[in-house]
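Quick notes on the structure that follows.
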Amino acid sequence: MEYRKIKDQDKDEESLGDDLESLRGKPPSTAMSLGAGPVDRTKWKRKSMVTLALTVLTSSQAILIVWSKRAGKYEYSVTTANFLVETLKCAFSLAALARIWNSEGVTEDNRLSTTLDEVIVYPIPAALYLVKNLLQYYIFAYVDAPGYQILKNLNIISTGVLYRIILKKKLSEIQWAAFVLLCAGCTTAQLNSNSDRVLQTPFQGWMMAIVMALLSGFAGVYTEAIIKKRPSRNINVQNFWLYIFGMVFNAVAIVVQDFDAVMNKGFFHGYSFITVLMILNHALSGIAVSMVMKYADNIVKVYSTSVAMLLTAVVSVFLFGFHLSLAFFLGSTVVSVSIYLHSIGKLQR
């Protein structure tokens with residue numbers, strides 16, 4: 001969701017590049033006096049840390065969900081887990097706002113108090129994310145962790161198409177080609193030569209993956225439209241209201257789906273250390289994406305996604321006995337290339 005600060009960051013990088021260019025040919029002491037060397041090292045360290053964090057969080061997401069199962073089922077309530085994820089995200093947003101209030105004071109753009117017209121738009125994406133987040137638990141009845149990492153990239157296609165329909169943004173020819181490659185890569189990675197079935201994932205799994213991609217794409221595009229409607233508004237305030245409605249809808253889901261179980265067994269029944277790690281992973285993933293937007297670039301996201309797919313597959317070999325086939329390796333490679341082409345297409349648009 002954190003798109004607004006990219007342009008400001010680009011301007012800062014350009015101004016830094018101009019400063020370095022002007023120092024070319026001058027004594028080293030002059031350059032060091034302006035801090036060019038330390039700035040470059042600091043930026044490199046930040047970028048490396050953000051890349052590592054996003055890669056680890058992305059690759060471990062599916063693994064932790066599968067690992068949290070006991071005898072093939074979730075002993076804990078997935079609705080309570082989602083509620084805690086939204087609660088943690090809301091707490092992170094408030095903590096970020098508290099730092100801003102201490103350093104800059106409370107302004108019109110960072111205060112929490114707002115109007116009904118501004119808040120009323122957040123229930124729609126919050127409801128979409130609710131269904132999508134619940135589906136991501138149930139899809140593992142049909143796919144394994146590496147397959148999930150591959151199929152969830154379908155949301156790139158849904159996001160791109162919805163960008164074109166809702167926000168009227170043109171897609172480049174490279175992006176359309178990337179979509180075709182992405183479909184081919186996802187299908188290739190799912191080829192199964194050891195069974196009568198052509199694809200490893202059954203029809204139900206593909207349908208759930210497509211629905212998840214549509215929900216994720218529509219929620220992301222709708223949320224971006226909300227953000228850009230008032231670009232000066234602090235992103236942490238916008239996140240806060242989105243997460244508040246996420247908490248409300250997940251509380252309703254608990255009442256509707258797991259009320260008796262929660263009342264009789266307790267809110268944290270079935271929770272384990274892995275479950276707690278999974279909840280923290282989901283909450284921190286959103287923070288990592290925002291850090292990428294602020295301190296890194298789109299290539300970092302491509303790199304992290306590509307490495308995460310292979311890392312998930314390798315770890316799944318040892319934890320769940322996953323068979324790392326040639327089809328999966330080729331398919332994940334094609335998916336990585338398509339994601340890279342899509343990112344290049346966005347820059348050329």
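Placed from the backbone N, Cα and C atoms, the Cβ positions cover glycine too.
Annotation comment: TrEMBL describes 1-10 as compositional bias 'Basic and acidic residues'. Under the heading compositional bias 'Acidic residues', TrEMBL lists 11-20. The feature region 'Disordered' is assigned by TrEMBL to 1-35. Residues annotated as transmembrane segment in TrEMBL: 48-67, 174-191, 203-227, 239-256, 268-290, 302-320, 326-344.
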Stretch among 174-191, 203-227, 239-256 sharing the most Cβ pairs under 8 Å with the transmembrane segment (326-344): 174-191
Intrachain residues whose Cβ lies under 8 Å of the transmembrane segment (174-191), provided they are six or more past its termini: 147, 150-151, 153-154, 156-157, 160, 198-201, 325, 327-328, 330-339, 341-342, 344-346, 348-349
